[in-house]
Amino acid sequence: MEPQVTLNVTFKNEIQSFLVSDPENTTWADIEAMVKVSFDLNTIQIKYLDEENEEVSINSQGEYEEALKMAVKQGNQLQMQVHEGHHVVDEAPPPVVGAKRLAARAGKKPLAHYSSLVRVLGSDMKTPEDPAVQSFPLVPCDTDQPQDKPPDWFTSYLETFREQVVNETVEKLEQKLHEKLVLQNPSLGSCPSEVSMPTSEETLFLPENQFSWHIACNNCQRRIVGVRYQCSLCPSYNICEDCEAGPYGHDTNHVLLKLRRPVVGSSEPFCHSKYSTPRLPAALEQVRLQKQVDKNFLKAEKQRLRAEKKQRKAEVKELKKQLKLHRKIHLWNSIHGLQSPKSPLGRPESLLQSNTLMLPLQPCTSVMPMLSAAFVDENLPDGTHLQPGTKFIKHWRMKNTGNVKWSADTKLKFMWGNLTLASTEKKDVLVPCLKAGHVGVVSVEFIAPALEGTYTSHWRLSHKGQQFGPRVWCSIIVDPFPSEESPDNIEKGMISSSKTDDLTCQQEETFLLAKEERQLGEVTEQTEGTAACIPQKAKNVASERELYIPSVDLLTAQDLLSFELLDINIVQELERVPHNTPVDVTPCMSPLPHDSPLIEKPGLGQIEEENEGAGFKALPDSMVSVKRKAENIASVEEAEEDLSGTQFVCETVIRSLTLDAAPDHNPPCRQKSLQMTFALPEGPLGNEKEEIIHIAEEEAVMEEEEDEEDEEEEDELKDEVQSQSSASSEDYIIILPECFDTSRPLGDSMYSSALSQPGLERGAEGKPGVEAGQEPAEAGERLPGGENQPQEHSISDILTTSQTLETVPLIPEVVELPPSLPRSSPCVHHHGSPGVDLPVTIPEVSSVPDQIRGEPRGSSGLVNSRQKSYDHSRHHHGSSIAGGLVKGALSVAASAYKALFAGPPVTAQPIISEDQTAALMAHLFEMGFCDRQLNLRLLKKHNYNILQVVTELLQLNNNDWYSQRY
């Protein structure tokens, strides 16, 4: 909206100000009427002062708009001068002569007086012509009377007629105005009598010369008589003089125009006053409504144009995309030379003509040339039995599932196989020129070899050296001359005779990729009958890649693996021939033929060898009992399993935590002899020491397992395992130790199982009655009857021993194996290893190797030279593992030590030798205490009491950790 302009109008030293807005709301006719009414003038000439203080006349709407533009530049102020014009009264004869000349010249009837009024109203309130003068041409010419003056009777008649027409017109205008006012102000409907009161000379001009406007006051709702105040910005707002003096509900910033009476014509003040009474506000209201309608129309038109513009932009963008796409297609076709006049794919012009105006991007799928095929059916199913030397033709029904017609360059290419061809030189077979979606037959002629056996030949479609589609093959069984076809073989051969038309699984069976061909350069084919290798050069298709082959035709992992095995053992690979089953039931990997003579059924030994890394090995107890016998420690041989570092740590931690839990994963085998020289005291304490010594022996044996990777010993172990296995039973049972019971907290089971078990282990020299591999539960049952070991040293008594020296003892809980489990699963292979030896992966590996049990109190000669060498060889590995573990692992070590050395105190302190000192240092190194000087100083300080040394080291580490963190 334009800014408001103040008009300062001056007339004979009288100045009045008018506040106007844009020229659309307040027109030049409104300004002229307001000026005339304000200064009570009839004929005026308005001039304004421009920038050079020169007077410029205003006589039209355009000049008025220019004046407003000038006022905006002058601070929204416009100085205007009003000059009163002299009204010249037209004399009757000249207009009569002029009117006669007009009538004579035009030959038309002049307008009547009321029509003239209507025309004057439509031309912005211009001064109308004299109606009395125009009425004279209606008088018929009387030849007897002079033409200068009409007769009196005619003049009086016309005056009466004129008054009647004017009254009727004014009444109609008042009625229309009243209807509009009622619509705008419903309160006026209650007083229609006041508004529609019949007008007459007495009501129009009241005494005291007050004019009745026939308009209701917007404030008091009464008819305005006399002075009327109209808002200069809101033409429909009118109030009377009394309301203007008091408060009224309107914007105080709007200037009110004071109107005494409407503008009247100079010749007929009475008629024009009656006419102008209702027309002025009605005209303003109509203009306002029309402008509002125009504004709404313009707004809707702008929105429509804006939407059309957006749509055109989107269309142009889409056309640009399609044009860019067609350019790429044209460039792609021109590069790869598919400009064949017969093929519509080589004509990008036709594509542009047909698809340029298509908004959706549809030509992507139809333009890309794609080679693809699907296997439908065949004539000779896999496993067909033939006589030697039989000449036969293998047919494959193939469907062209791509969008390119097969040409002379499309051939069926030989890949590998040992089935004799009828023509050895013919490695590529022509295929029919199939159109997209058509089905055809591809045939190859073979000759059955002379020797009996299974023969195969693998083929694949190729276009200009680029392979595509599924791999097809022919697999037959050549019988000996005395045909011995059993019903089983016939049934096996006919299992996969039904075929269906599908593509997915058969394409997953594809064996060879063009990429593989480019990398290898040639494919080795080997026939079983001639035993000759015929290298075939594959075509280099890198420079001639013209057609797109979908990814579903690429080779699977099974095919790549089979291709790598092809050069290693072609005979064995040729026996693993998949059946030509229909594509919807083809297995994901090639099945083995039921009658293959070269592939043995994988036995327990192979399965055991494959599962050896995962650690899931066990044996049924029937085989274990065969090998279980009392063997002397001094006469056993070495046969150890190779373990990785991670498995060794897992096993060591589990063994240190669970001495009574589960069997070893190795079968009972010959054991390593250990030479140890020490004196064992008699009694329960001696048995406990003896068990600890056996634990040290076990760790030495474990070191031997890790260091000696002898293939002969591994084979011997495997043979031993296989000899104990059963052909009918290949189930594996894994008994997890007590520490894996997730329903119990770690404090209940983890450390309690780390205690010694003197009732379960014996030295082989003095007590050969109890086998080394016996289960803890069984040993507990046998001890009271068959052994002299006291009952109070059973596992229950050991479990009830406090593991932390001050806490409440544990409640003994000995769980026997269920009857369904083996009575004695694969037993341990060391005397001192009753714990679990399963390499089960543990989420948090404890840093407590079971070498910590090598130095109990009261033992005189505990560690031999082999233990020393083992500790030295392992301490670097143990320190590297313990260096990455957290404080919780150290607390586990301390708790295990407390549980280990919770036995009865010994008064006599043994003399510590240099080897024993080195062993203690190695223990500390494996637990992560790598400060040699500090360890040696603490050992001397605590008189080689490793429990006190570990406790003080833990306190030092905790203090250092807190000081560094906080």
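Yeah, the Cβs are placed from backbone N, Cα and C, and that goes for glycine too.
These figures come from a predicted structure and were not determined experimentally.
The following features are taken from Swiss-Prot:
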DOMAIN    4-85  domain 'PB1'
MOD_RES   S116  phosphoserine
ZN_FING   212-264  zinc finger
BINDING   C217, C220, C240, C243  Zn(2+) 1 binding site
BINDING   C231, C234, H250, H254  Zn(2+) 2 binding site
REGION    542-636  region 'ATG8 family protein-binding'
MOD_RES   T586  phosphothreonine
MOD_RES   S590  phosphoserine
MOD_RES   S596  phosphoserine
MOD_RES   S625  phosphoserine
REGION    699-728  region 'Disordered'
COMPBIAS  699-718  compositional bias 'Acidic residues'
REGION    727-738  region 'ATG8 family protein-binding'
REGION    750-792  region 'Disordered'
REGION    848-879  region 'Disordered'
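Positions of the features from Swiss-Prot, shown on the structure.
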residue: C217; record: Zn(2+) 1 binding site; CB count, 10 Å: 22
residue: C220; record: Zn(2+) 1 binding site; CB count, 10 Å: 14
residue: C231; record: Zn(2+) 2 binding site; CB count, 10 Å: 18
residue: C234; record: Zn(2+) 2 binding site; CB count, 10 Å: 16
residue: C240; record: Zn(2+) 1 binding site; CB count, 10 Å: 23
residue: C243; record: Zn(2+) 1 binding site; CB count, 10 Å: 20
residue: H250; record: Zn(2+) 2 binding site; CB count, 10 Å: 17
residue: H254; record: Zn(2+) 2 binding site; CB count, 10 Å: 13
Average pLDDT across the domain 'PB1' (4-85), rounded to a whole number: 87
Secondary structure at H254 (Zn(2+) 2 binding site), reduced by DSSP to three states: coil
DSSP helix/strand/coil residue counts for the domain 'PB1' (4-85): 25 helix, 32 strand, 25 coil
Shell list (Zn(2+) 1; ref centroid = CB of C217, C220, C240, C243; cutoff 8 A): N218, N219, Q221, R222, I224, I239, E241, D242, E244, Y248
CB-centroid shell, 8 A cutoff, Zn(2+) 2 site C231, C234, H250, H254, site residues removed: S232, L233, Y237, D251, L256
Spatial neighbour of C220 (Zn(2+) 1 binding site) that is closest, considering only the binding-site residues C231, C234, H250, H254 and their CA atoms: H250
DSSP state at C243 (Zn(2+) 1 binding site), helix/strand/coil: helix
DSSP-derived helix, strand and coil totals, residue by residue, for the zinc finger (212-264): 5 helix, 19 strand, 29 coil
Residue pair H250 (Zn(2+) 2 binding site), C243 (Zn(2+) 1 binding site) - Cα distance, angstrom, rounded: 11
Between C231 (Zn(2+) 2 binding site) and C243 (Zn(2+) 1 binding site): CA-CA distance (Å): 13
